[in-house]
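Heads up, the thing below is written out as structure tokens.
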Ligand code: GDP
């Protein structure tokens with residue numbers, strides 16, 4: 001096989017997606033069952049126990065345990081049928097939504113999980129809004145069918161009206177709660193029977209072919225007749241699956257099942273393999289990059305410090321967009337205009353890191369970051385490209401950081417800068433004094449930073465209120481006008497952790513006045529890379 005053919009085949013087999021859901025809908029449970037189907041774990045239950053090991057080795061994640069939320073985004077790769085699946089996990093807590101937004105820029109499709117008893121919840125609405133920005137194709141799974149759920153027709157109606165996406169049921173439940181018997185697959189014309197008590201292992205499907213098969217009546221009793229009546233209604237009220245509409249992000253195929261019972265999760269995976277897009281072309285400021293281009297390119301969507309406290313390292317997560325990563329490959333770090341040789345990239349096999357020989361478009365690789373990599377950075381085979389759409393949002397909450405031990409200010413600055421590289425918080429250094437101001441989009445992040453400063457940098461700090469209500473990144477092509485603005489607004493200006501000029505506005509009104517007074521200055525609410 002030539003390299004061109006191999007590249008095309010590797011691209012075609014990749015499926016890179018994330019799970020979006022409201023906390024408690026079952027994302028962790030489904031992740032575990034996906035890994036089970038991918039043979040990445042042998043017995044379900046190990047994800048949780050591995051999680052607790054990680055807690056034991058990494059103290060800052062203690063917070064995650066205490067608060068019962070998932071703070072980190074992890075990346076898992078596993079094979080399924082002829083495909084290679086890259087599953088990107090996202091934090092469920094809304095204070096970490098920026099991280100989630102950026103992770104969603106690195107996927108080609110998403111799995112939306114809905115709690116069958118609760119229907120569409122807040123976080124799901126917000127995450128769908130993000131997916132819509134890029135028309136990301138969505139597969140839906142209605143979970144917890146082993147409990148009493150709401151009327152499925154009503155659930156589909158709710159998805160359609162609240163999330164503004166057409167629903168195409170692919171499977172339909174037969175009974176629910178105690179009487180949950182399985183699903184009927186509308187496209188395969190086949191019943192899949194639920195077998196209780198096999199939630200943590202893979203078992204062979206039990207099926208009955210044909211909607212009107214008398215075996216169905218014999219096995220399911222009245223439920224079979226109920227289903228047939230129901231399906232007439234469903235078919236009248238919903239849409240038939242249309243691949244084009246799905247790929248355009250306008251229609252979602254809907255599956256039903258129970259993640260806890262490991263039932264229906266494989267139907268979803270089959271859906272991804274059969275329908276979800278292989279790695280898509282990506283926009284750069286210069287041109288669109290096709291995944292089948294032979295020269296390597298990719299962008300960094302996430303940085304995580306001290307993933308492994310024993311190594312005290314910082315890992316940049318890079319999505320491969322074209323070509324092949326090979327151990328020892330030379331890459332152009334476009335922003336700083338340097339060539340770097342990468343011999344020690346990491347891959348994330350089911351969350352465990354391993355050294356990597358090669359990676360293909362759609363894959364996520366981990367680069368060791370010694371402070372030169374920022375979120376949004378582009379790496380190429382030499383061409384000057386800049387991938388678009390990886391935003392830094394302006395923080396909405398601000399605190400002045402005060403040291404308990406004034407001798408540790410170097411450590412503090414280092415810690416704040418390194419932690420802000422992860423993108424969840426941002427540090428600002430005003431021009432008029434030596435303050436360090438921390439900005440975040442969620443209040444929980446202040447706690448996380450204080451905790452991590454103490455654990456990872458041995459710095460104790462406290463927060464004080466500060467008179468900043470919002471921040472804007474400053475740009476101006478006219479040097480003279482910029483210089484004048486810098487003089488006039490001096491007291492309100494600062495540099496962020498990446499050295500970019502920012503305006504710290506004491507109030508919205510002040511910001512508005514400044515914007516009116518200096519129409520040639522661009523006050524940007526996001527720092528797009
Ligand atoms: P996450 O917050 O979305 O990651 O949700 P989890 O996977 O942690 O699930 C939240 C709770 O729902 C846990 O107690 C799970 O055991 C439970 N759960 C998940 N899936 C199912 C299911 O299919 N049926 C039932 N009955 N419970 C489930």
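Easy rule for this one: first residue shown is 1, then count along the chain.
Glycine too: its Cβ is placed from the backbone N, Cα and C atoms.
As recorded in TrEMBL, the features of this protein are as follows:
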type    : residues              : note
DOMAIN  : 12-280                : domain 'Tr-type G'
BINDING : 21-28, 89-93, 143-146 : GTP binding site
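Checking the binding-site residues 27, 90, 145 against ligand 1, the ones whose Cβ sits under 6 Å from it are 27. In the predicted model, the domain 'Tr-type G' (12-280) has a mean pLDDT of 87. Annotation note: residue 24 (GTP binding site) sits in a coil segment as assigned by DSSP. Its own atom aside, the Cβ of residue 27 (GTP binding site) has 22 Cβ atoms within 10 angstroms in the protein chains shown.
Mapped onto three states, the DSSP output places residue 145 (GTP binding site) in coil. All protein chains included, residue 24 (GTP binding site) registers 14 other Cβ atoms within 10 Å of its own Cβ. In the three-state DSSP scheme, residue 90 (GTP binding site) is classed as coil. Of all Cβ atoms in the shown protein chains, 24 besides its own fall within 10 Å of the Cβ of residue 90 (GTP binding site). Sequence-distant contacts (6 or more apart, same chain, Cβ under 8 Å) of residue 145 (GTP binding site) comprise 116, 173, 176, 180, 194, 256, 257, 258, 261, 263, 264.
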